[in-house]
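Enquirer: Below: one structure in structure tokens.
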Amino acid sequence: MAVFEGTYQVLGTPRFGIVISRFNDLITTKLLEGCQDCLRRHGVDPNPHGSQVDYAWVPGSFEIPLVAAQLAATRRYAAIICLGAVIRGQTPHFDYVAAEVTKGIATASMQTGVPIIYGILTTDTMQQALERAGIKSNKGWEYALNALEMANLMQTLPSAINPPTTKLSSSTRILTDG
């Protein structure tokens, strides 16, 4: 029986994509800083003018899955990290956005086979978001660590001869053999 587990070691010179929401940028820029710090400390150069990390800024969290899917479809990235903050307000808007972003990121990852890290804070208050973006800890660091581990794991997993494809049918994912 085999056991597969990723490490935080960078194999080769992997390229990462980071998709960041401008909405709630007080939070998302702090998440980005934590993410960049983690990547740097693990041997990845986060310089936007370098060759290891590409950045895509989008208007809000709702737009993140589309851009993440497009980046992943290029097969240029070992992993994509999505950074956003959805904070509950007085309307049901929070529920719709949080649910669709979650589904969209999961679908994009399954369809492309590229690890797409869910780095979307969903909090009830701005204070909770601030605590997770640097006051108490920085979740951006954790999201980058997840990306490193998943990139490494995907490199070590055996390749499938005929990998399953994901098809969408009535918003339900169905795995098929062809």
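Heads up, the Cβ atoms here are built off N, Cα and C, so glycines get one too.
Relevant sequence annotations retrieved from Swiss-Prot are reproduced here:
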ACT_SITE  H93  active site, proton donor
BINDING   F23, S61, F62, E63, A85, V86, I87, Y118  5-amino-6-(D-ribitylamino)uracil binding site
BINDING   Q90, T91, R132  (2S)-2-hydroxy-3-oxobutyl phosphate binding site
Enquirer: Could you state the whole-number distance in Å separating the C-alpha atoms of F23 (5-amino-6-(D-ribitylamino)uracil binding site) and the residue listed as 'active site, proton donor'?
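Expert: F23 (5-amino-6-(D-ribitylamino)uracil binding site) to the residue listed as 'active site, proton donor', Cα-Cα distance: 14 Å.
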Enquirer: Round to the nearest Å and give the CA-to-CA distance linking V86 (5-amino-6-(D-ribitylamino)uracil binding site) with H93 (active site, proton donor).
Expert: 10
Enquirer: Of the residues named as (2S)-2-hydroxy-3-oxobutyl phosphate binders, Q90, T91, R132, how far apart in Å are the Cα atoms of the most distant pair?
Expert: 23
Enquirer: Between S61, Q90, which of the binding-site residues has its C-beta surrounded by the fewest other C-beta atoms within 10 Å?
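Expert: Lowest Cβ count within 10 Å among the binding-site residues (S61, Q90) is Q90.
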Enquirer: Of the recorded positions F62, H93, Y118, which sits closest to R132 ((2S)-2-hydroxy-3-oxobutyl phosphate binding site) by Cα distance?
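Expert: Sorting the recorded positions by distance from R132 ((2S)-2-hydroxy-3-oxobutyl phosphate binding site), the top entry is Y118.
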Enquirer: What is the separation, in Å, between the Cα atoms of the residue listed as 'active site, proton donor' and I87 (5-amino-6-(D-ribitylamino)uracil binding site)?
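Expert: A Cα-Cα distance of 10 Å.
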Enquirer: Under DSSP, is T91 ((2S)-2-hydroxy-3-oxobutyl phosphate binding site) part of a helix or a strand, or is it coil?
Expert: coil
Enquirer: Counting other CB atoms within 10 A of each CB, which of the recorded positions H93, R132 comes out lowest?
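Expert: Comparing Cβ neighbour counts within 10 Å for the recorded positions H93, R132 gives H93.
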Enquirer: Taking the Cβ of Y118 (5-amino-6-(D-ribitylamino)uracil binding site) as reference, which residues of that chain separated by at least 6 in sequence fall under 8 Å from it?
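Expert: The answer is C82, T102, I105, A106, Y143.
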